[in-house]
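Student: The structure that follows is given in the form of C-alpha cells.
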Amino acid sequence: MVSKRLFLSAIITCLSVIAVAQSVRTHINFDTDWKFHRGHAADAARDFNYSLETIFSKSGSAWGTPADPAFDDKNWEDVQLPHDWVVGLPFQYVKNNDIDGHGYKPVGGLFPENSIGWYRKSFEMNRADSGNRFVIQLDGVYRDSKVWINGYYVGGNFSGYNGASYDITDFIRFNKTNVLVVRADASQYEGWFYEGAGIYRHVWLNTINNVHVATEGGVYVHTAAKTVTIETKVVNKNIHPANASVYTVITDRSGKKIAQGKEVPFTLAINESRTVKQELNIPAATLWSLENPYLYRAIVIVKSEGRVADSVQVRFGVRTITVDKDKGLFVNGLPVKVKGVCCHQDHAGVGVALPDQLQYYRIGLLKEMGANAYRTSHNPPTPELLDACDSLGMLVLDEPRLLNSGTEYENQFRQLILRDRNHPSVFMWSIGNEEFATQRTDIGKRIAQNQILLQQELDPSRTSTYAANMGNDFKGVNEVIPVRGFNYNLYGVDGYHKDHPNQPVIGTEVASTVTTRSIYVKDTVRAYVPDYDSTYPSWASTAEQWWQLAAKRDWFMGGFAWTGFDYRGEPTPYNWPNINSHFGIMDMCGFPKNVYYYYQAWWTDKDILHIAPHWNWPGKEGQPVLVWINTNADNVELFLNGKSLGKKDMPRNGHLRWTVNYEPGTLEAVAFKNGKKITSKVETTGKAARIILTPSKTTLSADNEDAVVVNVSAVDAQGREVPDAADLIHFSTEGGAVIIGVGNGDPSSHEPDQCVTGAWQRSLFGGKAQVIIRANNKQGAVSFKAEGNGLQTATLTL
Ligand code: GAL
C-alpha cells in the first residue's frame, strides 16, 4: 500500500552489533491513494455541509461531513501528492492586483468555488504495531489546514508554508480502516505571487516508540572546527518512568562508522523530556564546501530499559561560516562572494507540487550557471529543496513568510529554525522581507529584536539578516539587524558602509531585470520584453549594474538576483495576457535566457561565448539587429557570412554589442581567452523537421515518486535547432510512468499546464517545451512519444 523509507537500513549496516528492536521508528511515505474534492468557501451546502454540521461540539463527532470516516468519497478524484489544485485551473482575467499577482488563476476570496480543497485517505493499521506512537507529518499544505483522523479533530495549521505534525496514537483503529482527512482553505492569500493550493508537499506516517527523540527539533547537530556537537531531546510518553540512555554514532557518506559517543544514561519521569549534549571529534574530517559538499551522518540512538527504542539519522556537514564586516563571507576560512538568486517555489507544469527530482534539477541548473547561493524568498522551503542544496553544494538564506513576533509568526520562525538548522547549506537566516508598514518603525525594531534573539537562542551557530528596501535608512529593523540586507537601492551603499562600518552588508535582493527568453523585440501586445539585460523596474537594476558594484567591493558580501527562474504571477512590467513574471535568469522551465550567459561568464571559470539573438529574421533583411555577446574571453571578433565586423576588447564584468544589418547566413564570434581560441555561431535555419527529446536522466525508480524532466526542441533538416519554432506537440507515455505537467516558458501562454482535453500537448515557444514525467509503481520500460504535424516523431525509452 505504501512505500517505506526507513532509517532502519542504514542503521543496521553500520550498527550490526546492536539488535535494533522492532520498535525503532519508521517513516512511511503517505503520498499515494488520496481522494480529492473541491468544497466551497461561501456555500456550506457545496462545502459538504461543513459549518452547517456542529462538528466541533463533541469529541469524534464529525458526522455529516467529509471528516466523518463513514463519508462516501468514491466519486471523488483520485490524486497523488504532492498536489496543487490551482495549476490546472484556467487563466481568468480579473482587474484586481491580487489576482494579477497570483498569475490570473481563479483562486482566493473572489473565487470561493475554487478555494477549498478536501482530501481523504484510508489506510489500515496492524494491531501488532499497537503500543507505538503514530505521528502524521504534513510537510506543507496551502493553506489554513484542518486535520481529522477517524472523525477526531487533531489540529490545524494556519501557515501555507510551515509543516505540521499530529500525534494520532489515541485515535487509531487497529485491524480496521482509518481515515485521515484534511481540509485546506486557500481563500486568503499569504503572498503576492503564485502560491498554488492543496497538499503540495509530502505526507508521512511516523511510527515511534513511547521513549523517543522529540518530533520537532529533537536533534541539533552543529560543528566548530572538527568538533561535532549533537544535542538530543528525548521524551518519555510511557505511562511509567523510563530508564533511558542516548549515544551517537557518526558515519562517513559510505556508511562507515568513524566516531561513537559514550552512552549517557538518565531517567525520565512520565511526560518528561531531557536534552543530552554530546561532543565528538572527527580529526580528519572532509569539510563540506560548495565544490565538495561532503555529508556525514549522525545516528542518534535512544535506549529504553536497555533496548533500542528510537534512532534518528541526520545528515550534516563539517564546515565553518564566518561573516566579516570588511571582507564578507568565509566558508571554511576561505572567502566566498555570494553569487545568489532569489526563487519562488513553483515550476512549469506542476505549480508548487514539485517532485523531489525537480528540486535537484533546479539546483543543478543554478550550479551550472555558477550560482552558489539560494534565498528561499519569501517562505520556508520544501524540505527536499534543502536536501538538494546540501547534496549539490549551494548556500541557502532561509526565510520565514513574514516579520512578526506575535505568537503565530514567532512559532512559524521557531519551527523553521528547528526544522532547518541541521542543514550545512543554510548559512544565514533572513527574518523577513520588505515590511513596508513596519520596517522603519520602533515596532519593527522590537519585532526584529525578538526574532533575532529567538534565532540566537535556537541556533547560535548562525547569524541573521533582513531584506530591507530602505536605501540608506538606519531606522527600525536596520538598527538591530546583525547583517544589513539591501533590497535594491544600491546607489548609496558606499555611504552606508562608511557610516556603519561595523555592520556587514549583503544584497538580499538585487537586479530584477525583466526579459523574455528568445524574444528580442519589445511586444506590448503579447507582453514580451527583449532578452537583453536592459529593462528593469524603477526600483531595480540590470544584472551588470549590481554585479559590477558587488564584484569590486570586498565588504559587500555579494547578493541574490531576483530571480533564478521565472515564476507564476507578478507579471511585471505588463499585465494580462502576461501571466508569469519576467524576472527569471531562466524561464519557468529552467531554459536559459540571454542574461544567464552574463552570470555564467562572470560566475564560473568555464569558457563562455554566447551570441544573442538567434539568426532567423525573415523579412528583416538589411535592417539593424542588436547583437549582444556575453563572454569571459579577452576579446571578440564578429563575422557575418565570413566578413569581419570588427574586433573588440571585453570589459571585465561587462558585455559587448554590435549593430548588424541582417542578412541570412552565419554570424560567428571568434574570441581569445588567455591565448586560447573559442568560437561560437548562430545560423539561419530551415523550418522545423524533427522533434528532439533531451531527458534529465534515463532511468526511473518504480516508486511513485521519481521523476524525469524531458526537454523538447525541434531541428531543421540539417539538424540545427530551430530557435523560433512554435509547433504544437502531442505527448503520450506507456508503461511505468505518467506525465504530470507541461510548459514552454512563454510568459503569456494560456495553454494548460495540465491535461484538460484528455490528451497532453504544448506548443514550442522559442523552439522549446518541457514535459515532467513521474514514475508509478509498475516495473519495466516506459515509452514516451512526442508528435507534431509535419514533424518526425520522437520517442524515448526510460
Ligand atoms: C521586491 C519583492 C519581491 C518581488 C520583487 C520584484 O520588492 O521583495 O517579492 O516583488 O520586488 O522586483
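Cβ coordinates come from backbone N, Cα and C, glycine included.
Predicted automatically and left uncurated, TrEMBL annotations should be read as such.
Heads up, here are the entries from TrEMBL:
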SIGNAL    1-21  signal peptide
DOMAIN    113-206  domain 'Glycosyl hydrolases family 2 sugar binding'
DOMAIN    224-319  domain 'Glycoside hydrolase family 2 immunoglobulin-like beta-sandwich'
DOMAIN    325-513  domain 'Glycoside hydrolase family 2 catalytic'
DOMAIN    622-678  domain 'DUF4982'
DOMAIN    692-797  domain 'Glycoside hydrolase family 2'
Student: According to DSSP, how is the domain 'DUF4982' (622-678) divided among helix, strand and coil residues?
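Tutor: Secondary-structure composition of the domain 'DUF4982' (622-678): 0 helix, 38 strand, 19 coil.
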Student: Assess whether the domain 'Glycoside hydrolase family 2' (692-797) lies in contact with the domain 'Glycosyl hydrolases family 2 sugar binding' (113-206), where contact requires at least three Cβ pairs under 8 Å among residues 6 or more apart in sequence.
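Tutor: Since fewer than 3 Cβ pairs under 8 Å link them, the domain 'Glycoside hydrolase family 2' (692-797) and the domain 'Glycosyl hydrolases family 2 sugar binding' (113-206) do not come into contact.
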Student: Taking pairs 6 or more apart in sequence, does the count of Cβ pairs under 8 Å between the domain 'Glycosyl hydrolases family 2 sugar binding' (113-206) and the domain 'DUF4982' (622-678) hit 3 or more?
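Tutor: Not in contact, no.
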Student: Please list, for the domain 'Glycosyl hydrolases family 2 sugar binding' (113-206), how many residues fall into helix, strand and coil according to DSSP.
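Tutor: Going through the domain 'Glycosyl hydrolases family 2 sugar binding' (113-206) residue by residue, I get 8 helix, 49 strand, 37 coil.
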Student: Kindly report the helix/strand/coil residue split of the domain 'Glycoside hydrolase family 2 immunoglobulin-like beta-sandwich' (224-319) according to DSSP, in that order.
Tutor: 0 helix, 60 strand, 36 coil
Student: What are the DSSP helix, strand and coil residue counts for the domain 'Glycoside hydrolase family 2' (692-797)?
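Tutor: So the counts come to 0 helix, 54 strand, 52 coil.
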